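Read the structure below first, then the notes.
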């Protein structure tokens with residue numbers, strides 16, 4: 001395959017601390033937030049979608065509210081007092097997409113990806129990969145989970161203007177981590193299933209009120225989604241969430257698991273995973289135990305693939321890879337040696353090739369098929385031997 005070329009940079013008005021890349025696909029990307037329901041059992045997600053060009057389009061904030069900085073400071077540093085510093089440093093950073101941009105209709109309809117975030121993250125921290133996939137002709141719904149695994153999240157009660165925040169929760173003292181996380185992963189997978197049902201309702205013509213004050217009509221999706229072509233994707237805790245979602249919902253045709261944290265999944269479920277999974281791992285995160293669990297799945301499904309991107313670390317599959325400055329390396333962990341734009345290109349192209357194969361798309365993503373076999377610059381099949389720093 002051609003060496004992965006470095007993309008255009010999406011710098012400019014994004015603030016000096018963060019330079020998220022412009023998406024490389026043929027479609028411009030729009031973005032909106034959707035909240036459904038007035039209880040904790042509702043849904044909250046950020047939607048990335050192909051959009052029409054619009055002069056003077058506004059760009060959404062990367063960190064949508066100051067409360068998320070508080071959550072990040074608490075999760076990453078166990079020091080909530082740092083949230084004001086984080087707000088100053090990254091609170092004005094923008095994502096290079098069109099906020100509430102006009103949806104781009106397509107007669108052949110777009111496939112759908114539900115995306116699940118990692119532990120201590122939230123819906124906006126994977127904007128680079130979600131926007132990239134949307135630019136190639138997908139509607140991507142990035143969930144914000146309400147199982148206390150998000151750095152922060154909230155829902156709006158029916159009484160006007162009342163918000164209830166759901167804080168990040170560590171494993172309670174005296175409780176075994178597996179049981180705590182296993183309960184969370186089942187809730188997360190259930191939320192992914194609910195998200196798919198939400199889009200089914202919209203496609204079926206049901207009126208779904210977005211309780212956030214957005215000037216964007218969900219009914220435009222009605223005739224533009226192909227719900228026979230739905231995939232589930234996620235990073236870390238979200239990676240294992242994606243695997244479990246295949247068990248819970250037959251309509252998910254495949255999963256893409258970025259550096260999946262396999263620990264929370266009970267052993268009895270491995271034989272139940274019915275569909276193929278693409279595991280895209282970073283070089284420095286996985287343990288032999290975790291890889292062994294992935295190989296159990298690949299031994300049961302010849303279409304499951306495991307590849308490792310060399311020169312990468314766990315956070316390199318999030319937007320944190322594009323943060324600048326040594327201070328942030330100290331806060332959010334050191335970065336890998338591979339250029340983050342190149343890492344994003346490898347990850348997205350491997351995912352696109354896999355999605356083309358298993359959603360039976362009529363695109364040209366097969367040009368990147370070699371990545372699925374671990375062939376190419378900075379990628380290897382399976383796992384590098386004994387490299388984990390866990």
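Placed from the backbone N, Cα and C atoms, the Cβ positions cover glycine too.
Those TrEMBL annotations? Automatic predictions, nothing curated.
Feature annotations, courtesy of TrEMBL:
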- 236: active site, nucleophile (ACT_SITE)
- 259: active site, charge relay system (ACT_SITE)
- 314: active site, charge relay system (ACT_SITE)
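This view paints the features noted in TrEMBL onto the structure.
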{"residue": "236", "record": "active site, nucleophile", "CB count, 10 Å": "24"}
{"residue": "259", "record": "active site, charge relay system", "CB count, 10 Å": "29"}
{"residue": "314", "record": "active site, charge relay system", "CB count, 10 Å": "23"}
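Geometry remark: residue 259 (active site, charge relay system) versus the residue listed as 'active site, nucleophile', CA distance 5 Å. Separating the Cα atoms of the residue listed as 'active site, nucleophile' and residue 314 (active site, charge relay system) is a whole-number distance of 8 Å.
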